[in-house]
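Working notes for the structure below.
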Amino acid sequence: MNATLQLVRLALRRDRLLLPAWILTFVVMAAGSAAATVPLFPTESSRILAANGMNAMPSLVALYGKIYDPTSVGALAIIKMGGLGAALVAVFAIVVMVRHTRADEQAGRLELVGATPVGRHAPLAAAVLVALGANVVLAVLTASGLIAAGLPVEGSIVFGLAWASVGLAFSGIAAVVSQLTRSARAAVGLSSMVLGVVYVLRAIADAAQPEWLTWLSPIGWGQQFRPYAGNRWWVLLITVGFAAAAAALAHALAVRRDLGAGLLADREGPATAAPSLRSPLALAWRLQRGPLLAWAASFLLLGLVFGNISSTVGEFFDAQGARELITALGGTSRLTDAFLSFELSMTGVIASVYGVQAAMRLRGEENELLLAAPVGRARYALSHLTIAVLGCALLMALMGLGAGIAHGAQIGDPGQTWRLLGAALVQLPAAWVLVGITTVVFGAAPRVLAGVWAVLLAFVLLGELGPLLKLDPWVMDLSPFAHTPKLPGAAMEVAPPVVLTGIALMAVLAGVTAFRRRDLG
Amino acid sequence: MATAISVSGLVKSFGRTRALDGLDLDVARGEVHGFLGPNGAGKTTTLRILLGLLRAQAGTVGVLGGDPWRDAAELHRRIAYVPGDVTLWPNLTGGEIIDLLGRLRGRADAGRRAALVERFELDPTKKARAYSTGNRQKVALIAALASDAELLLLDEPTLGMDPLMESTFRDCLAEERRAGRTVLLSSHILAEVEAVCDRVTIIRAGRTVETGTLSDLRHLTRTSVKAELVIPIDLAGLPGVHDLRAEGTTVSLQIDAAHLDDLLKQFAAAGVRSLSSHPPTLEELFLRHYGERR
């Protein structure tokens, strides 16, 4: 037990910036959006109108969830936070858990610890304690933030618990997955896939039938707490029970297997390399193709789904008269276009997440063996950057094609394919700017490369909360996403994408130049 | 003899730590040069500067007639490197990595590669993440030895290898020397350097403390002598004698090379029953360089 506490202290020491920064971001996100929403709906009738409007739209219900009490300002205020916000909490839980289990083991740090008089169970127990502590703190601070934003006390506490429950459930899932895979990357990937699947499960349950399906999804559990709309405390029994069972399973697996081993065994590979594996670019493709194909499949699927539901949006909207709600979210002309433009700009942000992490491989693969071979630094840097830049383009093209084909089939207009492909590709320059920023930091200050995530988050928050907080336009204009034309629907402006692409190009050149001048390692 | 590597007054600091503090190093073409120093002496930093992975802050560095920072990619065609801490791509097999590195260098020799894989008993079908430290090192070593590079930079290549593989490695190194390749071998394992190197440079705390052939260095040091004499004699007054231990007619001591002759005259006068002496091992050289000033 003493050893476990020592390991907890070690983990907290390593995460002394990461954990507080992450938790604070969540609290600000929840409290900020609550504080911004409350004044928008001062009367009960305005709330009922908006809530019924949202509940009547399958696409929004699928994306965010249902509003269980149309009269409750709290339920309206936290609708995004309960769905997408909870998914972000789950990502946080996965990353923290894998970081302290499989990532440590893969790096050999656990071996160092395992050789000391520490019980076999101690590293996992420490990671679980850290996750538990982080989620409890998240619950307390989130609840306080929501109360401070003017929402009812009981609902705020229940919402804090709902988020913490989702976090704990995914801590448990990630703890089990970490025992199965051999690499940290695979553990994060597999856990994220579980997250994707259970998110879709609850989306189907909420937007279609059967409703009980949501009880198979930890994200669904979070929503079934129904904060500000019934406050079902008892759901806590399910979530805590699940998390405890998952932790116990992970523990049972951990004490039965060898250090460093996974339960999913490695296969043998080829004894000689394929003839094509002969350049840094070929190596970068080999290292990145698996994740890129998974991303590509998800984007195509998401595009098809968005295209398919987009034509139903308009009907519900006109009927419910909550028009200003979605027009405020993005577009300016027809509602279907507004919906599509909103979804495309959102996926543009997700594509930039892909671009940033693909470009960050530059740092992870900064390998002495490769760079001591006759490979120029610029050639090395451009290998992974090519994957990042073209990968983003592939993702958005698939998104546009998927949405266009599905939407075109719905309304009988094949021309939609090209229209939406164009609208999707317009999102690219902003994502490329993020790739450029990543390159600059990689070249000039590689030690703070992870800070690029904070920059990306800041851009997103500027877009999400900037208008609600009434920030100066020039502050919001700092975000590259603010300059993307809102297609389809709005007029196409040529200048912003061209300028963004120019900025991205210059950033890449600057970053590569800086990389050529610095020490490796 | 033409020089392969010439370094003088090399300085490199990381923050406040001065990793290299005026280091000098000269390696002639065609020799196997040992580069000795305890952990943290600056061996790896030097090798990284020779490869242009790090930039020198002061001093001059020449590798195969070029500037390693300016001409890095060009020089790398003629250099093969085995890092001390080999990081491989976890989801590629050892065989794939050897091929990739060979092709990047341009002239891969399939026959040599196959022979080396056989000799080092490497399983090339395993994913790199499943390799032990020693096996990871073998992958890098095979890739380096299979190349036709003029200069091999090896950073503690046998760390983590078993003794059998170490002897295979020594055989390979002897072949490289016969083939006329230049090798710079960094190590803190003295027996390894003693067995394979023509000349040695010893560094400590970022500075060169000694350089020369092994016999040059031995010249500076003491010989250990153990003898059983016919009649006991007192050697305490003799100049150049250290660590004298005498028990009756048995004596053991260390003697500076300059005074060996005097000692033997004394022995001859006393009559010798048995005598053993051995030149200093590199361990002793090391102790002298790093032990005294601690």
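Note that Cβ sites are derived from N, Cα and C of the backbone, with glycine treated the same way.
Note that TrEMBL annotation is computational and uncurated.
Note on the transmembrane segment (A:73-98): residues 15, 18-19, 22, 26, 29-30, 33-34, 37-38, 41, 47, 50-51, 54, 63-65, 67, 127, 130-131, 134-135, 138, 146, 149, 151-152, 155-156, 159, 162-163, 166-171, 173-175, 177-178, 184, 187-188, 191-192, 195, 199, 218-219, 222-223, 226-229 of its chain, located 6 or more positions outside it, place their CB under 8 angstroms from a CB of the stretch. The feature transmembrane segment is assigned by TrEMBL to A:73-98 (among others).
Annotation comment: TrEMBL describes A:124-151 (among others) as transmembrane segment. Nonlocal intrachain contacts for the transmembrane segment (A:124-151), taken as residues 6+ away from its ends with a CB within less than 8 angstroms of a stretch CB, comprise 4-5, 7-8, 10-12, 15, 19, 23-24, 26-28, 30-32, 34-35, 38, 73-74, 77-78, 89, 93, 96-97, 100-101, 157, 159-161, 163-164, 167-168, 171, 175, 228, 247, 250-251, 254.
With a cut-off of 8 Å between Cβ atoms, the residues of this chain six or more beyond the transmembrane segment (A:157-177) that come close are 26, 30, 74, 78, 81-82, 85-86, 89-90, 92-94, 96-98, 101, 124, 127-128, 131-132, 134-136, 138-143, 146, 187-188, 190-191, 194-195, 218-219, 221-223, 225-228, 231-233, 235-236, 239-240, 242-247, 249-250, 253. The transmembrane segment feature in TrEMBL is assigned to A:157-177 (among others).
Residues or ranges marked as transmembrane segment in TrEMBL: A:184-205 (among others). Counting residues 6+ beyond its ends, the transmembrane segment (A:184-205) has Cβ neighbours under 8 Å at 61-63, 65, 87, 90-91, 94-95, 97-99, 101-103, 106, 170, 173-174, 177-178, 211-214, 216-220, 223, 291, 294, 298 in the same chain.
Annotated transmembrane segment per TrEMBL: A:233-254 (among others), in sequence order. Tertiary proximity for the transmembrane segment (A:233-254) is limited to same-chain residues at least six positions away from its ends with a CB under 8 Å from its CB atoms, namely 120-121, 124-125, 128, 158, 161-162, 165-166, 168-169, 171-173, 175-176, 178-180, 215, 218, 221-222, 224-225, 263.
Per TrEMBL, transmembrane segment is recorded for A:292-309 (among others).
Summarising the annotation, TrEMBL assigns transmembrane segment to A:338-360 (among others).
Annotation source TrEMBL lists transmembrane segment at A:381-406 (among others).
For the transmembrane segment (A:418-441), the residues of the chain that approach it from at least six positions outside its boundaries are 303, 307, 340-341, 344-345, 347-349, 351-352, 354-356, 358-360, 362, 381, 385, 388-389, 392-393, 396-397, 399-401, 403-404, 407, 448-449, 451-452, 455-456, 459, 480-481, 483-485, 487-488, 492, 496-498, 500-501, 503-508, 510-512, 514-515, judged by C-beta separation under 8 angstroms. What TrEMBL lists as transmembrane segment is A:418-441 (among others).
Same-chain neighbours of the transmembrane segment (A:448-469): 21, 25, 28-29, 32-33, 36-37, 328, 349, 352-353, 356, 360, 363, 434, 437-438, 441-442, 475-476, 478-482, counting only residues six or more beyond its ends whose CB sits under 8 Å from a CB of the stretch. Taken from TrEMBL, the feature transmembrane segment covers A:448-469 (among others).
Per TrEMBL, transmembrane segment is recorded for A:494-515 (among others). Residues 377-378, 381-382, 385, 426, 428-430, 432-433, 435-444, 480, 483-485 of the same chain sit 6 or more residues outside the transmembrane segment (A:494-515) yet have a Cβ under 8 Å from a Cβ within it.
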